[in-house]
Amino acid sequence: MSLIQLEGVSKNFGGLRALAEISMTVDEGKILGIMGANGAGKTTLFNVIAGYLPPTTGNVLLEGKSLLGLRPDQVCRRGIARTFQIVKPFQNLTVMENLLTAAMFGSVLIRNRQQAVAHCQTVLKDLGMLGLADTPAHALTLSKQKKLELARAISTGCKVVMLDEVMAGLTPPEVSEMLGIIREQHHSRKLTILIIEHVMRALMQLSDRIVVLHHGERIAMGTPQEIADNPRVHEVYFGEQK
Amino acid sequence: AEKPPVRIGFSMSQTGPFANAAQDQYAVYEMWRDEVNARGGIDVAGEKRLVEFVEYDNQSRPEMSVRIYEKLITDDKVDLLIAPWGTPFQIALAPVVEKYKFPVVGNTSASVMLREVKPGYIWFPTAAIPDVMAVELTKLMQQNNVKSVAIMANVLSLTKELKTFIEPELKKAGIEIKFSTEYPPSIKDMTPMLAQIKELNPDAVLALSYPGDSVLYGKQAKEIGISSPFQFVALGASAAFYRKALGDSANGFVTIGHWAPDNPEWKNARKFYDNYVARYNQEPDYLNASLAYLSLEILEQAVAKVGLDKEKLRETIATDTFETINGKVKFEGVQNVITPTAFLQIQDGHLKLIWPDSIATSKFQPKAAIK
Amino acid sequence: MNVTLKEITVFVCLILAFAVLPFVAQDYAIGVGLAILMWLALTQSWAVLSSMTGYISLGQVVFYGIGSYVVVVTWQWMPLWLALIMAGAISALFALVVGLPVMRVRGPYFVILTFGLAELVKYSLMAIEAKMGISSRLLFGTPPIETIYWIVLVLAVASTLLLETVHRSPFGHGLRSLRENEEAAETLGVPVARYKLIAFILSAIIPGMVGGVMALRSSYFEATQAFDPMISITVIVMAILGGGDNARGPLFGVIFLVILSELLWTNAPQFYMIILGILLIVFVVKLPNGLLGWYRNYKHRAQGEGS
Amino acid sequence: MLSLKEVVGGYGEVQIIHGVSLNVRAGSVTALLGANGAGKTTIMLMLAGVLPVTQGEVLFDGKSMGAQRGHQRVNAGMVLVPEGRRVFPNLSVEENLRLGGIVPAARPTWKQRIEEMYELFPRLRERRSQAAGTLSGGEQQMLAIARGLMARPKLLLLDEPTLGLAPIMAQLVFDTIRSLNRSGLSILIAEQDTRNTLNLADEAYVVENGRITLHGSSDNLKNDPRVKEAYLGL
Amino acid sequence: MSFVDVFLSQQLLFATLVTGALYAIIALGLNLVYGTMRLLNVAHGELVMVGAYVGYWLFSVFGLSPLFSTVVVAAFSAIVGVLLYKFLLRDMLVRVDRRERLEANSLLLFFGLSLLIQNIVAWVETATPRAYQYMDHVYRFGDLAMTGNRIIALLVALAICIGVTLFLRWSVFGLALRSVIEQPEAARIVGVNVEQVHIVSLTLGFASAGVAGVLLGMMEQFSPFIGFPLAIAAFIVVILGGLGNILGGFLAALLLGAIETYGVALTSPNLRSVLLYGVFVATLMFLPQGLFAKRVSR
Ligand SMILES: Nc1ncnc2c1ncn2[C@@H]1O[C@H](COP(=O)(O)OP(=O)(O)OP(=O)(O)O)[C@@H](O)[C@H]1O
Ligand SMILES: Nc1ncnc2c1ncn2[C@@H]1O[C@H](COP(=O)(O)OP(=O)(O)OP(=O)(O)O)[C@@H](O)[C@H]1O
Ligand SMILES: CC(C)C[C@H](N)C(=O)O
Ligand SMILES: [Mg+2]
Ligand SMILES: [Mg+2]
């Protein structure tokens, strides 16, 4: 059975249609890449799934059960975590404290502080951030803050994680490192991943399947190879340059 | 060797919302101290000793005032206490002086609640208790052909009580109540009330107001053009600033007060008045200032007789009759049973006692309509 | 994060010091002690909501006032202990009823809303009382200051423990997260609306009871006193003076301000407000991070030099 | 055009930049390369007057910028497009643009300038009265660049201008930078898309741990093995 | 009075306008300080109070018209604002490590300042209430009666409100101000002179508070302790109209003026404060950003 199912999801902002009748499914343990031009509706899609915005029409299901009407914290408890494209760290808390929130309130729900700290330490270690545990979040560079977003999302103990441009602003070697991390987490934690990226190399290498949005509509869906060969995608996304 | 000065303690609303009202009383306290010291000091059972104040600001908060008196008694160990300003403060003081058996003569408080205070160590010389005032005021109006009234009352204790007691009196006297309402102390604009009163055109308007809103009433009644011949404002109009704030339009207002300087039978009344004017360059408040001064006179006379012993002082204050600027004063229970309840009117910029006839210095004059 | 032995010792010593005070001092000193304990109970409770969540309430007095009313109205016919429990319960109930819509409002809007709410309750009660012909009340047979002192001591200790417990619990961690960023906290599973409501209710109970006992301090009662907005402001000023979000900040702030103003009004009665005003301004300039911030800095430096 | 001499600075007591010297020649594109946390953004913020320069000297057009505050630097022609966009979230797109041109030097040509920006990024015209905070990430990035151009700068400081832009938009931004440069604008750019950046730049500096560790023409750097490994991922 | 009478009464309309205009101008000053810089100026009422006293002194000692005093008071308040900024506020506003506690520290600072001002005035002038008569001739037009000073206060307050609104709408300053409200750091980056914006709004805010004080003193009695309720009224207006939204503030002030007259005329004066605070609380519960919040389209 597919883990996540979208049925005709639309979202309007006033007169603007940011999502138009999006239907799709994501199978358990798969990585779905999402691409599309700026303003195509990618982040909006995450917002709808996460319970952040109510869809104008349509339904979102997790394991066959509707998520409609759930608040973001309830969605998170069901096992869907996310990162924010425009980062929202807890500025005055340390990196560890940032993660503790996730561990104490996310779907793992570890209420014992010692255990929660241990849980977060493994996450930090996996992401190579152990050294930053006691740094306050506001002292991190933007790209470190993005990594913090990722660590925080994983720390909730989620089944599904939605990553919104976590690789933006990384140098190519850093992208490679991040790819390794995500793959590793994907395997070790059996995560289902939805990932938005403009870094094509990353998306092509990671995704099992890719869906392409354009002006809120789904214009293509398929394996990375199929998407790479799709002329429509070329036209709206890459421009003349290949 | 020189005897140490007599230390007299009190708390005063020097800051906060009541500070403006408490100033007259405070001015009298200071004047009295200087007068006494100029005479060589206070007579303590035959021995003259200088007077020294120990005073603290209560920030207009009664519970702060309670703490201050506890400190004055137990920490500063003062010889005598005098009263803070106002009903809330003096009532709150009662249990403290009861506990320490320390007599205090109250002054600027007025409320029927005072009678519920357990008699013992505190007394209230005021003659402006609302239930009696209600009766007297009704008589005064009847005598001056008032057939209909409009009442607007501040919900603070004194004026609220006055309203409660006067309404049945008016009905008994056959005076029609055309309009009756209450308003909160925070009032900023009386136009809605006054517009209605103007339309009803009653013979009398009773503005049962506190000092702040008394000025507001005066200004807005003039603007809207209230032309009732009998207009009463409860508190504040007995103070000098009221006439300063309103000028000619203050003339004709009737107000609460049972003292005036020109009654020849009140021995030191004129002297008190003159000294006050000389010192402060303005008239004393005929209500609060005179009450404050007479409470000091009572204390002074009692101390002259029995000295500083608390029990003897209590005994003396509770049983003796005192000669004051407001005539004779004698307490039964907590109350002064001699001074009559009375009213003042502003006439040509001066305050005149117009009721009761026994002490009146002038006759009621209808308030002139404003051009 | 764990409670150290030193902290417990200091805390117990402090309680003992306050506990012996009534036996060794006269009324004035007991009054000062009572003032410290009362403000401590109010400020620690305030911190449970405001320091933890960043929702600065300027209406803490509303609970104090409601509690006062409950005790005053039931004074003649209900035993004090029961009245106090009712005072706490009714304050909490009030918080529960208005909590959801109130806690939706954020930032400066919340600050002024809470102020307005307290005033609204005050004036509504006054209007109702005026309708019933009451404007103030006399209370007969109020308990001696020592009794009041003991009750407030218990409340002050309780509120300190409450704040510390919240501070160390997962609940407190959730509150701190939502203070930093409500949206992010929510996506990480913190039930933001519910937590804010619970914090609001927790911050209401003890002030309700404090208001209840303190109403008995004076035999004269009226609504304007029980709902005096200066109480709310004083609480905030003390918390800011202290700084931080654990129980130590208010403790510093309260003791500092009470003793300072006590020294000032007894020694310079004419000018103490002016001096206090100047000192507050100097304080902001010199110690912008509160007493706790200054203390930490000081300790930090001392350690730095030592090593 | 711009030269930094042994510049030192950071956040409060934390020193991040430990003596950086670099030059941007008039009419050139100069690139700052470096890993995460190297200090590129810190340098940019110091140039814009947001962070203080505690030691060393910044010369712009031959004048020392030490005492010049942020707005004076903008007025003199040095404008930053900050990392993380920093748009005014509750103001409309158009108001954001007008603010970009608020310095006296740019004010007379406001209207015309806004039209030019709309030509450059038609998406912004479509969203002109939308609150900037509700734009998509990429749209906000376009707005930040357009806002920076509004002031008619002589020197544009770009901190990761293509972050979060789709390839087609990123290409547009690079093209735009190139044509702006052709028409005389000097540019200092920090960017992670090292390949495209080096193709565009005349000169480049590599920053590591708050120090310059490598400097040269971009053609040279493209072939430098250290750069290849660390920043091109080859 | 019947329902219809109430609404037709010119007297009530006039009262609404005067009350509303006074609220508007008092709140205007606070909005420029709190709305734009988040300085929790709890001493705002004291500035108004000082304005009233200065007007009184100039009138009773030198016989100067309060209208002239408004200019003196405005200049004086503005200078105080600049000094305050230079010596106390700039650090709080500009230093990054201080901004975090800006609201807390400014509350403490202004609270200290309000104690200071109140008590210095009380010390110099005593707490005795003051009032004076200026232009208190009553003009009658049919059923409508107005004292000269209330007409003048209305006109001056209106002129200032309109002037400031136009200034903020049509000058660059208005836009710069909004950018500083939103994100001071980004404002600096685009070239806004942030300190200048701070100083201008602070001086404008202080000056209008002073002028409001002179107008108030012309009409009502005052004492050193009237400040707090005035500050509260101003906070209510500012929040109701939306923080930093000057025009919204004026409309909110008028609304409160209307409640205070029409609301009271239709119910009971005893309900005045219940109505005022009731409307305020209810509004915020439904519209958490005030009456005129910009609603982001959803
Ligand atoms: N609250 C809102 N009100 C109005 N329009 C909105 C709102 N939120 C998003 N939009 C619009 O919806 C469109 C889709 O936005 P979304 O953030 O989903 O884009 P995106 O695909 O994530 O783009 P990017 O790659 O640039 O991040 C954009 O054009 C944006 O301007
Ligand atoms: N507010 C702050 N307080 C303290 N240190 C900070 C702060 N902001 C950044 N830093 C530190 O400054 C150093 C340099 O950061 P900077 O943002 O300049 O790097 P960068 O080269 O721009 O990196 P990136 O490519 O990730 O944007 C980092 O080590 C970071 O941790
Ligand atoms: C003026 C006094 C006779 C009344 C007193 N001030 C009171 O508050 O009630
Ligand atoms: Mg996006
Ligand atoms: Mg950077």
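Along the chain as shown, residues are numbered 1 onward.
Every residue gets a Cβ built from N, Cα and C, even glycine.
Feature list (source: TrEMBL):
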- C:7-24: transmembrane segment (TRANSMEM)
- C:30-49: transmembrane segment (TRANSMEM)
- C:61-78: transmembrane segment (TRANSMEM)
- C:84-102: transmembrane segment (TRANSMEM)
- C:109-128: transmembrane segment (TRANSMEM)
- C:148-166: transmembrane segment (TRANSMEM)
- C:197-217: transmembrane segment (TRANSMEM)
- C:223-242: transmembrane segment (TRANSMEM)
- C:249-265: transmembrane segment (TRANSMEM)
- C:271-295: transmembrane segment (TRANSMEM)
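Segment contact holds for the transmembrane segment (C:61-78) and the transmembrane segment (C:223-242), given three or more CB pairs below 8 angstroms at sequence separation of 6 or more. Same-chain residues lying 6 or more positions outside the transmembrane segment (C:148-166) and placing a CB less than 8 Å from one of its CB atoms are 3, 11, 15, 18-19, 21-22, 30, 33-34, 37-38, 40-42, 44-45, 47-48, 52, 84, 172, 175, 199, 202, 206, 209-210, 213-214, 216-217, 246-247, 250-251. Scored by C-beta pairs under 8 angstroms, the transmembrane segment (C:249-265) has its highest count with C:223-242, from the stretches C:84-102, C:109-128, C:223-242, C:271-295.
Counting Cβ pairs under 8 Å to the transmembrane segment (C:109-128), the top-ranked stretch among C:7-24, C:223-242, C:271-295 is C:223-242. Across C:30-49, C:84-102, C:223-242, C:271-295, stretch C:30-49 shows the highest tally of CB pairs under 8 A with the transmembrane segment (C:7-24). For the transmembrane segment (C:271-295), the list of distant contacts is 237, 240-244, 248-249, 252-253, 256, 260-261, 264-265: same-chain residues at least six beyond its ends, Cβ to Cβ under 8 Å.
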